[in-house]
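To start, the structure itself, in structure tokens.
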Amino acid sequence: MSSNYRNFRNNVPWLILFLEAVFIVLFYFLFSHGDESRSMVSYTAFQDVNHMVIFGFGFFLTFLKRYGFSSTGFNLLIVVLGVQCSVLIEDLFYFLLEIPHEDGLKRITKAAVSITAVVISTGAVLGKTNPVQLILMTVVEIIVFHMSRWINSMYLQVPDDIGMMHVHLFGAYFGLAVSSCFSEPSPRSEKNASTPKSALLSMLGTLFLWVFWPSFNSVLSVDNRWEVTYNTYFALAVSAVTAFTFSAMTTKDGKFRMAHIHSAVLAGGVAVGYAANRIRYPWIAMILGLLASVITVLGSYCLQRCLNPALEIHDSSGVHFTFGFPAVLGALAQVVLLVAENGTFLTSLGYSVMFHIGAFCVTISMALITGLITGLILNLKLFKTTPVTKYFEDQFYWEFPHLAVGF
């Protein structure tokens, strides 16, 4: 079996080269430049988002003690492939719908934001998928996410900057659906754990994400970019304070738990992304950040002990309570703020509320259904699913010259 798997891994470079050749040909025929002189996105803003996706998530996923090479390396691979695929899909939609093309910098920024959905999904199956499965999941998820955005924009009249914030919701539940199709690791597996060094590197990724999250939420805003940045920062600040508070309150010895801090400090940024453009006072963003952090800490406790064992879903990096729960809270907050802003539930307001609820339902439904189908496809014998005994193992994919063990 190890010999067959080694031959399978040797075909990975050819798959990547084939996919890149297809991208180059499609770029030649489809890609056209917009008006680069009037870009709505600055290079600094794009750089912030790029830092988040590459550095932030790359280190964020390094918490497993024997999977650091794969966490950072495979993250870079799926990001660079996914961004190219995202730009092409976006360009194809513009071509088919005869919509004027946007400038190149905005296109690549939207692609970098879109690939966040794939990176979040990767966290749910971290250590259990091989490179071919990750590449296939990346292409499928990017296509389906753009279809979900297109449905929400064309039929439910959801603004594009708000529709893009569904990346957290879509990525979390797509990843969980894929993960449900993979075998669970042994509860006694020593590899499915962290060391102080891997936890510190993962926390470094959290800090990168925390610093750049205001840019992520505001990069596509048109009229109130500074207001979105302002609200996001306060939501993040309160979620960080709340994370420390509830971490100490929920442990028996009153000590802080790094896993809580690692996840909950980002919850405010996820939740406020949906509603930041409707928040007129910072105290609203602060309350949202507090609630998001609370449900993340308590959710991690409940899900790991109750829901995940019952559903037999192994969530490698806790994307459900790190991104899924706060995203649901943010979608709900958006509807509440929309009603509060208008004061009375008029007919037009009712339609608007139903459209936002419909967008939420479309996003999560497409994520779960297509994620489940993708997970079933990835488990076909053709893709040589990683043996359970080799889960969370760098040495299965990477060369370690000082070790004399081969596969």
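Here the Cβ of each residue, glycine as well, is placed from N, Cα and C on the backbone.
The domain 'Ammonium transporter AmtB-like' annotation in TrEMBL covers 36-381. If you average pLDDT over the domain 'Ammonium transporter AmtB-like' (36-381) in this model, you get 88.
If you look up TrEMBL, you'll see 12-31 (among others) marked as transmembrane segment.
The transmembrane segment annotation in TrEMBL covers 43-64 (among others).
Per TrEMBL, the feature transmembrane segment maps to 76-96 (among others).
With a cut-off of 8 Å between Cβ atoms, the residues of this chain six or more beyond the transmembrane segment (108-127) that come close are 41, 45-46, 49-50, 52-53, 57, 60-61, 64, 67, 70-71, 74-75, 78-79, 82-84, 86-87, 90, 102, 134, 137-138, 141-142, 145-146, 164, 167-168, 170-172, 174-176, 178-179, 182, 185, 191-192, 216, 219-220, 315-320, 322-323, 371, 391-393. Among the features that TrEMBL reports, transmembrane segment is placed at 108-127 (among others).
Sequence annotations record features per position, and here TrEMBL assigns transmembrane segment to 134-151 (among others).
The transmembrane segment annotation in TrEMBL covers 194-213 (among others). Within the chain, the transmembrane segment (194-213) has long-range Cβ neighbours (under 8 A, six or more residues past its boundaries) at 48-49, 51-52, 55-65, 68, 232, 236, 240, 258, 261-262, 265-266, 269.
Here TrEMBL flags 233-251 (among others) as transmembrane segment. Among residues of the same chain six or more beyond the transmembrane segment (233-251), those with a C-beta under 8 A of the stretch's C-beta atoms are 210, 213-214, 257, 260-261, 263-269, 271-272, 276, 282, 285-290, 292-294, 296-298, 301.
Annotated transmembrane segment per TrEMBL: 283-303 (among others), in sequence order.
Sequence-distant contacts of the transmembrane segment (323-341) (same chain, at least 6 residues past either end, Cβ-Cβ under 8 Å): 120, 162, 165-166, 168-169, 171-173, 176, 266-268, 270-275, 278-279, 284, 288, 291-292, 295-296, 299, 349, 352-353, 356-357, 360. Among the features that TrEMBL reports, transmembrane segment is placed at 323-341 (among others).
Positions annotated as transmembrane segment by TrEMBL: 353-380 (among others). A Cβ distance under 8 Å defines the sequence-distant neighbours of the transmembrane segment (353-380), meaning residues of its chain 6+ beyond its ends; these are 121, 129, 133, 136-137, 140-141, 144, 147-148, 151-152, 156-158, 163, 166, 169-182, 331, 334-335, 338-339, 345.
Remote same-chain partners of the transmembrane segment (283-303), defined as residues 6 or more beyond its termini with a Cβ less than 8 Å from a stretch Cβ, comprise 231-232, 234-240, 242-243, 246-247, 250, 259-260, 263-265, 267-268, 270-272, 275-276, 315, 318, 320-322, 325-326, 329-330, 333, 337.
Counting only same-chain residues 6+ beyond the ends of the transmembrane segment (12-31), those with a CB under 8 A from a CB of the stretch are 77, 81, 84-85, 87-88, 91-92, 95, 131-132, 135, 139.
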